[in-house]
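A.B. asks: Quick one: structure below, then a few questions.
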Amino acid sequence: MSLQTRRRVLQFMLLGSTAFAAPRGLFAAEYGRGKGMPWSPLKGETPYYGTNDDRFFSPAERETVAAICARLIPSDSDGPGASEADVVTFLDRQMAGFYGRGQHWYMQGPFGEGTATQGYQSEHPPAMLYRLALAELDSYCRTENGYPFVDLPAETQDEILTGLDEETIEFKGVSAKAFFDLILKNAVEGFFADPIYGGNRDMIAWRYIGFPGTRYDYRDFVGHGGAAVRLEPVSLMGRPGWNRS
Amino acid sequence: MRPARGTFLIVLAAAGMAGLALGTGAPQAQELSYSQVERGRYLTIAGDCKACHTDIESDGVPFAGGRGLQTPFGTIYSSNLTPDMETGLGRWTREEFYDALNEGVDREGHHLYPAMPYPYFTLMTREDTDAIFAYLRTLEPIASDVPENDLPFPLSLRQSVWGWKLLFFEDKEFARDPEMSEEWNRGRYLVDGPLHCGGCHTGKGALGADDDDEYLRGGVLEHWFAPNIRGGENGGIADWDRDDIVAFLRDGRARHTAPMQRMGEVVAMSTQHLSEKDLQAVAIYLKTLDDGPREEQDLAEADRLEIGEGIYFDNCAACHAADRSGVPYFFAPLTTSNKVLAEDPSTAIRIILGGARAQPTEAVPSVLAMPPFAWKLTDEQIADLLTYLRQSGARKAAPVSASEVVDMRDYLAEEY
Amino acid sequence: MTKQLRSVDVVLVGFGWTGAIYAEKLTAAGLEVRAFERGPWRDTPGDFATTFAQDELRYYWRHGMFQEASQATLTFRNNGAQTALPMRHWGSFLPGNGVGGAGVHWNGQTYRFLPSDFEARSHNEDRYGPLPEHMTVQDYGVTYEELEPHFDYFEKICGICGQAGNLNGRTVDGGNPYEGPRSDDYPNPPMQMTFSQDRFAASARELGLNPFPVPSANMSRAYVNPLGLQLAPCTYCGFCEKHGCGNYSKSSPQTTIIPVLMQRPNFSLLTNSEVLRIEKSADGSRTTGVTYVDTSGDTYFQPAEMVVLCAYPLENTRLLLLSQIGEPYDPRTGEGVVGKNYCYQVMSSATVFFEEEFTNGFIGAGALGMVADDYNGDNFDHSGLGFIGGGYIACHTTNARPIESHPVPDGVPRWGSKWKRAVRENFLKTTSVGVHGASMAHRSNYLDLDPTYTDAHGRPLLRMTYDFTLNDRRLTQHLTPVAEQIARGMGGREVKVNDRRGSYDSVPYQTTHNTGGTIMGADPATSVVNRYCQSWDCPNLFVAGAGLFPQNAGYNPTGTVGALAYWSVDAIINQYLRQTGPLVQT
C-alpha cells in the first residue's frame, strides 16, 4: 500500500484552519527527514579532563580528607594507597563539580528520614555533606581526643572511622553514617577511576591490582585458559610508552 | 522500501510535466522526450553535477548552485543550473550549453574557470550534452543569485582563464582505441569524460592543470590526498580486483576501504546510481593501468617503530585488529591501504586527526565512523604511529614527520 | 501558551529499542512518523567512541547516559504503610535516556521467554492447582507460537549469537533443550567462551544440568542485518553494560535500525523534547496527539492519528496516569489496571575465588556467558515447593571494571589494609554464578502517582510500592543453593554466597528489568492493553515495552520486548490500518 493510500485510510481530524507554529528548535533538535545520520569531523563528547581542576576543600578540609582516605585505602607493605594515588585531588575536583553540587540528583523536599532501603535522603548535596560532616568530625576529635583528626595516631583514626561506620559516633545536623558511606564510595572511585580525574595517579592503582585499563581489544587473549594475561595499563590519555624518551 | 527515491521520482515527474505544460519559456521544451531526459539524468549523475552545483553545506536546493569550491587559487562559486530566466540557464540554448561543456565558454563568451571540469567534459559528444541540457530543463526554476568568486588579481579577471586554456586546454573528442575491448573503451570514456576522476586523482602542475605524467597517480585537493587509483602492476589499487572496484563505487564498501568525505559524496550522489555494466567498464579500464616500480624507502629508527606499534595496538586494534588486517567491508585493512601507503600521507594524517566516516549508501546504509584522535594523540605520536604503519608491511612508504602532522592540525583548526 | 503543530500519522513517545522498531516498520508502510525523545541525540563516534567509551567513572558512577534524577525520578517504599521517598539518585536500576535509550548501554543478553511464561496462570494452575490468593499472575493473551516469527526477526535484526536447542521441534545438542521451538537457527554462532565459562559448563554438566551459550547481542563475527546494517566483531573489551559500544559490535537501535530510518523523509525525531501528556478527544474515546515541552520551556501540541508509548515502563505508566487514560489500579480493592502488577527480578549469586587460576575478568563482554535453564520457568517439577517460576543460572564474564568489580571473600572488612590486600589478591581471580530469578505479580506491588513529590515540570512523580513476595523468597531459596553447588564444583579456593534476603533494597544495583504497570491481557478488567498492545480505552493508542509483562520471567526482557513490538506493529499494519478501531472486541 502506498503512502497516499495509507493517508486516506487514516482519518484526518482537528486541523482545519489552525495556524501552525514551527518549533523554535533552539535547544530541542530535529533529526531525520531523510537527511541521514549527523556527523562531522573532529566532533565528539570527549572527556573534560584537565579542564575541571577547581578546588572545593579549604586547606584544613583537604588535609582531613586526605587523612581519612589514607586510612580507608592505606599505603602499606603490600602496595600504594590513597596517598600515592592522590585520591584527595580527585575528591576535591569532584566536590567542586556537578557531582558535588548534586546537580543530577533529585534534591527537592520535603526531606524525610526514610528506611535504609530508600537510600540517600539527606537534604545536602555531596559537597555540603562533606563540609558539614568534616566540621563535626573536627569538633568531635578536638573534644574527645584533644587534637584534630589529622594529628591523631592511625589507630585512633581507625577507631573513629569505625565509629562512624558502625554508628557509634553521631554528628549534629548531618548523618555521620551517610558521610562515611559516601567518602568510602568516593575514595574507591578516586583510587580506581581513570587518572584524567585526578586520582589513580600514574595508573598506580591499576598496576597494583593488574587492571590493563582502557584497552579495547582482547580478542587474542580470550582463550587464556586460566593463565595470567599481563598487559601494561593504558589510561584515556595513554601510557608512558607512547612517548619517545 | 525506498520512500526517498519514490518521492524524488514524483517530484521529478511533476517538474517535468510542469515544464511541458507551461513551457517555462524554454525554447526546446517541446523536444523533451522521456528517453532523452532519462539519458540526461543518468549523465548528470555520472558527471556528479549536483555535488558542485548544490550548496550542500547550507542545505541548498539541488542544482541551484552557490557552493563554494576551494581551489589553490581562491574560492569559486558554482552556478545555478536550474532553468530560471534571470539567475539560471533559462535563456541558454543547447548550442551555448554544448560550448560551455566542450570549450569552457559561457553564452556571453566569457571563459569559465576550470573548477568546472570542462577539460574532461570536452570528451562528451554533442548528443550527451544535449541530453544533459534536456534533463536540466525539467528542473523547477529556482531564482538563486550566486556569490561573486573570491579570487586574487589577476585570476579575478576572466581573461586570465583564456591564457590558462591556451596553455593547458585541448578541445578534443574521445578517441576509441581499436586494439582494446568495447568495455575498456567505455570505461576509459567514463573515467576521462563524465566521471572526471582525474579532477582529483591526477596530480596537478603549478597552474592547476593535469600533469599527464601523474595520470591517476594521486593528487592533492582541499588538503586531501586523493590516492593513486591505477589498478595494474604497482598501481595504488593493484591488489583490488574488478569486483572490489565495482563494490566500492556501487555499495560504498569494498574489502579494502570505504569512500569517505569527498569521495563519499561522489559515491552517494553519483556512482552508486550508475549501471553495473558501466561500473564494470570503469574497473576493467583502471585494472589495465600499470605504474612504475616503487622506490626503496628509508627506514625509520627502530624505537619510533616500536613506539608506533604500541600506539597502534592500544588505540587502533579495536577496529583494525592487532595484525592490521581490519575487518574487510567494515574496517579498512591497513596492511595494503593506499591511503596509509600513499607517497603523500595527508589523507592518513587528516583521518587520524579529524576522524572519518564510511559513506552510507542505499545498499549499505550503515554509518561506520572512525573517531577523531586530535584531542588524544600528540603530533609526534601520530607521526610515529603512521611511520610504523607505513613501514611494517611488505610494501613500505617513507617515514612521517611530526611537522607534517602540525601542518594538518593547523589547517583543521582553521577549517573547523 | 501551547502552540499547535501540523498533524502527523504517528507519534512515538520515547526513542529507544521499541521506538526504533515501530518507526522503522511504520515508515516503511508509508506513514509519517514523528518520535519524541526527552534526552539528547546519541551516536557512536560522538558519544561513546573507542577513544573515550571506556570511562567507568563517567558512564556508570556519574550516570553519563542515564536519565537524570533531577529531571524526573520516582518515589519508593516497600509497602503501603510507609511514606514513599524520592530515589534521589539511581541505585537498584538505571533507566536509560537519550536516543537509543537503555538499548545503548545494555549487556545484550537476548532471550526468548518460555512458551509457559506467556501462560503463567493457566499453565501453572493446570499443573499445580489454583494459585494463592493475591498472586495476580496472568496470561499474556498472546502465545509463544504467535510471537515466534517476531522473536526470529528481532534476533536477525540484532544478529544474535547463540546455539539453537530446539529447531522446529527437533532437539539440537549444545543448545537450550527447554526453549520453545525455533523456526530458524540464530543468525550467528555463539561467542568464544573463556576459562570461567568452561569451568561452569563442566561443573553444571557434572550435576546433570544442560549448559548452553548465552544468546548474545555482542557479535561473534562481522554481520549484516536484514536492513543492510553492519555489525562488527566484538573485541571483548569489558565495557559493555552501562557503556556504549565504540566499535559497532553490540546491537543497539543505533547500530541495527536508526541509520536506515534517518534516510527516510517520512521520519522525524525531536530530541530534548519531553511529552507531558497524551491528549484525548472530548469523549475520551481516542487520543488526539501529545503535548510536549522543549528545553526552552515552550509547550506544543503535536496532533497525530495514532500514538505509541515507547518510553521506559515506569514512564509509560506515569504518562497514562497523568493523562487519565485507563482506570488506575487500587491495591485495596484489586480493581483498576494502570500501575498494576509491577514486577522486578530476584537476583542472587555465588562468587568463586580461585587460588592459582586467573579468570582475567577484564576480558569480557556483556553477554559472554554459559547458562543453564534447568531451573527456569516450569522446566522442573514445582510440586510441593510452594512457588512457581524459576530463573536461569549463568556464569557471565562481563567486566572487571575496578570501581564496580572488586569482590572480596567472606570475612574481609569493607576498608583498610586487609580490604586492599584482598582486592589485589582476588581481582584477577574471581567469577560468579548468578541466578536470574523470575518475579511474580502480587496484589500489593504496584505503581501510582506520588501525592507529595513532583518533577521539574510540576507533575507528580511515579510512586513505586514494592517488596519481594513469598514466591520470590521461596524461589531464591530454592535456586541459590543450586548456583552455589555449581560454583563449588568449579575448582576455586572458596565460594561466597550472595543471598537475596530481607526487603527489596533500592540502593545496590541489581538489574534494570522493571516490568508491569501497563500490562497486556485478554480482559479489559484486568489489563491495560489487549493482546496486540492496543489500549482498551483508546484504540489509536498502543503501548510497547516490558510494562506489558503481566509478571516477569526468569530472563532478561529485551528479546521479548522486541518480539512484542514487532508483533504489535505487524497487527497495526496488517489489521488496524485497514480498519481502524479495536482489534479485539469486548
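Any Cβ shown, glycine's included, is placed from N, Cα and C.
Reproduced below are the annotations present in TrEMBL:
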BINDING   B:Cys197, B:Cys200, B:His201  heme c 2 binding site
BINDING   B:Cys316, B:Cys319, B:His320  heme c 3 binding site
DOMAIN    B:35-140  domain 'Cytochrome c'
DOMAIN    B:182-290  domain 'Cytochrome c'
DOMAIN    B:303-393  domain 'Cytochrome c'
SIGNAL    B:1-29  signal peptide
A.B. asks: If proximity means a C-beta under 8 angstroms from chain C, which of B:Cys197, B:Cys200, B:Cys319 count? These are the binding-site residues.
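C.D. replies: Qualifying residues, whose Cβ lies under 8 Å from chain C: B:Cys319.
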A.B. asks: Between B:Cys200 (heme c 2 binding site) and B:His320 (heme c 3 binding site), what C-alpha distance do you get in Å?
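C.D. replies: Pair distance, Cα basis, whole Å: 27 Å.
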A.B. asks: Using an 8 Å cut-off from the Cβ centroid of B:Cys316, B:Cys319, B:His320, can you name the remaining same-chain residues around the heme c 3 site, in sequence order?
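C.D. replies: Close Cβ neighbours, site residues excluded: B:Tyr312, B:Asn315, B:Ala317, B:Ala318, B:Ala321, B:Arg324, B:Gly326, B:Phe331, B:Leu334, B:Met370.
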A.B. asks: According to DSSP, how is the domain 'Cytochrome c' (B:182-290) divided among helix, strand and coil residues?
C.D. replies: 51 helix, 9 strand, 49 coil
A.B. asks: Neighbour count, 10 Å Cβ-Cβ cut-off, for B:Cys316 (heme c 3 binding site): what number do you get?
C.D. replies: 23
A.B. asks: Quick check: in three-state DSSP terms, what is B:Cys316 (heme c 3 binding site)?
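C.D. replies: For B:Cys316 (heme c 3 binding site) - judged by DSSP and reduced to three states - the answer is coil.
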A.B. asks: Looking only at C-alpha atoms, tell me how far B:Cys319 (heme c 3 binding site) is from B:His201 (heme c 2 binding site), rounded to the nearest Å.
C.D. replies: 28
A.B. asks: With every protein chain in view, what's the tally of Cβ atoms within 10 Å of the Cβ of B:Cys197 (heme c 2 binding site), excluding that atom itself?
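C.D. replies: Other Cβ atoms within 10 Å of B:Cys197 (heme c 2 binding site): 21.
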A.B. asks: Suppose the heme c 2 site is B:Cys197, B:Cys200, B:His201. Which further residues of the same chain have a Cβ inside 8 angstroms of that site's Cβ centroid?
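C.D. replies: Leaving out the recorded residues gives B:His196, B:Gly198, B:Gly199, B:Thr202, B:Leu216, B:Gly219, B:Ala226, B:Ile229.
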A.B. asks: Calculate the distance in Å between the alpha carbons (Cα) of B:His201 (heme c 2 binding site) and B:Cys316 (heme c 3 binding site), and round it to a whole number.
C.D. replies: 28
A.B. asks: Could you measure between B:Cys316 (heme c 3 binding site) and B:Cys197 (heme c 2 binding site) for me? Cα positions, answer in whole angstrom.
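C.D. replies: Taking the Cα atoms only, B:Cys316 (heme c 3 binding site) lies 31 Å from B:Cys197 (heme c 2 binding site).
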A.B. asks: Express the distance between the Cα positions of B:Cys197 (heme c 2 binding site) and B:His320 (heme c 3 binding site) as a whole number of Å.
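C.D. replies: Each residue's Cα considered, B:Cys197 (heme c 2 binding site) and B:His320 (heme c 3 binding site) end up 28 Å apart.
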A.B. asks: As a test of reading the model: what is the averaged pLDDT for the domain 'Cytochrome c' (B:35-140)?
C.D. replies: 90
A.B. asks: So how many other Cβ atoms are close to B:Cys319 (heme c 3 binding site), meaning within 10 Å of its Cβ?
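C.D. replies: By my count, 24.
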A.B. asks: Using a Cβ cut-off under 8 Å and a sequence separation of 6 or more, which residues in the same chain sit near B:His320 (heme c 3 binding site)?
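C.D. replies: The answer is B:Gly326, B:Phe331, B:Ala332, B:Pro333, B:Leu334.
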A.B. asks: Tell me, if you would, which residue among B:Cys200, B:His201 (binding-site residues) has the fewest other CB atoms within 10 Å in the structure shown?
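C.D. replies: Taking B:Cys200, B:His201 as the binding-site residues, the minimal 10 Å Cβ count falls on B:Cys200.
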